[in-house]
Amino acid sequence: MELKNVTNPVMEFVLLGFNHSLKIQQFLFVVFFLVFLMTCLGNITILVTVITDYHLHTPMYFFLANLAFTDITESSVNTPILLSGLLSQHKTVPFKECILHMFLFHFIGGAHILLLAVMAADRYMAIHKPLQYLTIMNHEVCVVLVAGSWAGGLIHSATQIALLLPLPYCGPNILDNFHCDVPQVLKLACIDTYLTELQMVSNSGLLLIVIFVLLLISYAVILVKIGRQVSEGKHKALSTCIAQIMAISITFIPGIFIYARPFKTFELDKVASIFFTVLVPLLNPMVYTLRNTEMKKAIRRLAFRPSSRQNLFL
C-alpha cells in the first residue's frame with residue numbers, strides 16, 4: 001500500500017503498526033495472540049470463581065470481578081486491531097470506526113481506572129472501620145460505586161470525543177500507532193490544536209496523576225495501619241494491599257507517560273501503548289491470583305468440584 005498525505009476531508013486513517021520484517025510480525029502475532037488468550041482465560045476464571053464460590057461473595061471480590069470484566073472488554077477492543085495489523089503491512093481504518101474505537105477504549109479504560117480507586121477505598125474501609133465495614137460497604141453501596149465508575153468512564157470518553165469531532169481533518173491521514181488513540185488523531189487536525197491538547201492532557205493525564213498520587217497516599221496510610229496491628233489477618237491484609245499497589249502501578253505509569261505530556265512522538269510510545277492496552281489486562285489477574293491465597297483456594301475448589309453453585313453477589 002502506498003502511503004500518501006491527503007488534502008480532502010479524511011475518510012479513513014492508515015495505521016502504520018510495526019515496521020518490521022514479515023517473520024518478526026508473524027512472531028509478534030503469535031505472542032500477542034497467546035497473550036490475548038491468557039488474558040481472557042485468566043479474567044474469565046476470576047469472574048466464574050467469584051460468581052460460583054460463596055466464600056468470595058464479599059465487596060472486595062465483587063469489585064475484583066468487575067475489574068476482570070473491564071480487562072476482558074478492554075483487551076477485546078484493542079488486541080484484535082493489533083493482531084490484524086500484524087497480518088498486513090498497513091491497516092486502513094474508516095474515520096467513524098476510528099472514532100468508535102477511541103470512544104470504547106477510553107470508556108472502558110476510564111471505568112477501569114475508577115474501579116481501582118473504588119477498590120482502594122474498599123480496602124481503606126476494611127482496615128480502618130473493620131466492625132462497620134460490611135454495614136458501610138453493603139450490596140447497594142457496592143453496586144452504586146461500580147455504576148459510578150462506569151458513568152465516570154462514559155463522561156471521560158464522551159468529553160474526549162466531543163473535543164475531537166469538531167476539528168477538521170484534511171490530511172495527512174497516517175497514524176504512527178497500532179490503534180486509533182487521541183494523541184495521534186489530534187495531531188492530524190488541520191488547525192492549531194494547542195488549547196484542545198491542553199484540555200485533553202487535563203482530562204486524561206492530569207487526572208491520572210492526581211488519582212495515582214491519591215491512591216499511593218491512601219495505600220501508604222493503609223500499610224502503616226496494618227503495620228501497627230498484631231492480628232491473625234495481618235498477613236492477608238498486607239498481601240492484598242501489596243497486590244493492589246502493583247496493579248495500580250502497572251496501570252497508571254504507562255498511562256501517565258502517554259497522556260500526561262504534550263502530544264509529541266517518542267520512540268517508546270508504541271511500547272507504552274502495548275503495555276497499557278494489551279499487557280495490563282493480562283497482568284491484573286496474575287497479580288490478584290498469585291498473591292491472593294483465598295482466590296487460589298477458590299480456584300482449586302472450582303477446578304475439583306463436579307458442579308458449581310449459582311449464587312448472587314454478597
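In case you wondered, yes, glycine gets a Cβ from its N, Cα and C as well.
Here TrEMBL flags 42-288 as domain 'G-protein coupled receptors family 1 profile'.
The annotation transmembrane segment is assigned in TrEMBL to 27-51 (among others).
Same-chain neighbours of the transmembrane segment (99-120): 60, 63-64, 66-67, 70-71, 73-74, 77-78, 81, 93, 145-146, 148-150, 152-158, 160-161, 164-165, 179-182, 185, 204, 208, 211, 214-215, 218-219, 244, 247-248, 251-252, 255, 277, counting only residues six or more beyond its ends whose CB sits under 8 Å from a CB of the stretch. Per TrEMBL, transmembrane segment is recorded for 99-120 (among others).
Under the heading transmembrane segment, TrEMBL lists 141-165 (among others).
Residues or ranges marked as transmembrane segment by TrEMBL: 205-226 (among others).
Annotation comment: TrEMBL describes 238-259 (among others) as transmembrane segment.
Long-range contacts of the transmembrane segment (271-290) within the same chain: residues 32, 35-36, 38-39, 42-43, 45-46, 64, 67-68, 71-72, 74-75, 78-79, 82, 105, 177-179, 181, 243, 246-247, 250-251, 254-255, 257-258, 296, 299, each at least 6 residues beyond the stretch ends and with a Cβ under 8 Å from a Cβ of the stretch. Summarising the annotation, TrEMBL assigns transmembrane segment to 271-290 (among others).
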Under an 8 Å Cβ to Cβ limit, what residues of the same chain, 6 or more beyond the ends of the transmembrane segment (27-51), are close to it? 18, 20, 57, 61-62, 64-65, 68-69, 71-72, 75-76, 79-80, 82-83, 86-87, 278-279, 281-282, 284-286, 288-289, 295, 298-299, 302, 308, 310-311, 313
How does the model score the domain 'G-protein coupled receptors family 1 profile' (42-288) in terms of mean pLDDT? 87
